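> The following feature annotations were taken from TrEMBL:
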SIGNAL    1-21  signal peptide
TRANSMEM  87-108  transmembrane segment
TRANSMEM  120-141  transmembrane segment
TRANSMEM  168-190  transmembrane segment
Amino acid sequence: MASSLTCAGVIWAFLSFLCAAASCVGFFMPYWLLGSQLEKSVSFGTFRRCSYPVRDESRQMTVMVEQCGRYASFQAIPSAEWRICTVVTGLGCGLLLLVALTALMGCCVSELISRTVGRVAGGIQFLGGLLIGSGCALYPLGWDSEEVRQTCGNLSNQFELGTCHIGWAYYCTGGGAAAAMLVCTWLACFSGKKQKQYPY
């Protein structure tokens, strides 16, 4: 099976896949922000949450439904910052995934990844990591929304967590993006073999 990648290129391909997988899993999981409400654990992502309050009319009280799900609509996401974060981070994850899958195909297909293509792929990875990093930076701006304040002891504000704390998914998303920007982008420059010189 012919490969269009150098040894550094093979490392780049697998590392790219790991970084993309980490960022995508972290983005999809609703464990970016962790807190509690009515003595139940509550967690938020950018477009998903776990455990939410519902009014029980038969008992005339508010109860917590302990399940995870997406918000009913894009507009239902608690803050404009989180809506922007969802779009920007999702786009960045898509770019990282696209490059990772192309790089893995380069392990099996000859003449797919040249030095030029590798450098362009590295540039796309850098852009993807930058978008995800921007999304992670925007996320704390939404901590002043009413839903978050209810979960964080009515003490949260922009860049102030109150009684909540940051979850593993936030670190997973940001860590994957940082590794893609710093390591994969550099390895991509050495990933492709020289192109053949055609006589025509």
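Please read every residue number as a count from 1 along the shown chain.
The backbone N, Cα and C atoms fix where each Cβ goes, glycine too.
Caution: TrEMBL annotation is automatic and unverified by curators.
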> Let me spell it out: take the transmembrane segment (120-141), skip the flanking residues so only those 6+ beyond its ends count, and list any with a Cβ under 8 Å from a Cβ in it.
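Residues 16, 23, 27, 32-33, 46, 79, 81-82, 84-86, 88-89, 91-96, 98-99, 102-103, 113, 158-159, 170, 173-174, 176-178, 180-181, 184-189, 191 contact the transmembrane segment (120-141) from elsewhere in the chain.
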> In the same chain, which residue numbers or ranges, 6 or more beyond the ends of the signal peptide (1-21), come under 8 angstroms Cβ to Cβ?
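Here the qualifying positions are 93, 96-97, 99-101, 103-104, 106-114, 118, 125, 176-177, 179-180, 183-184, 187-188, 190-193.
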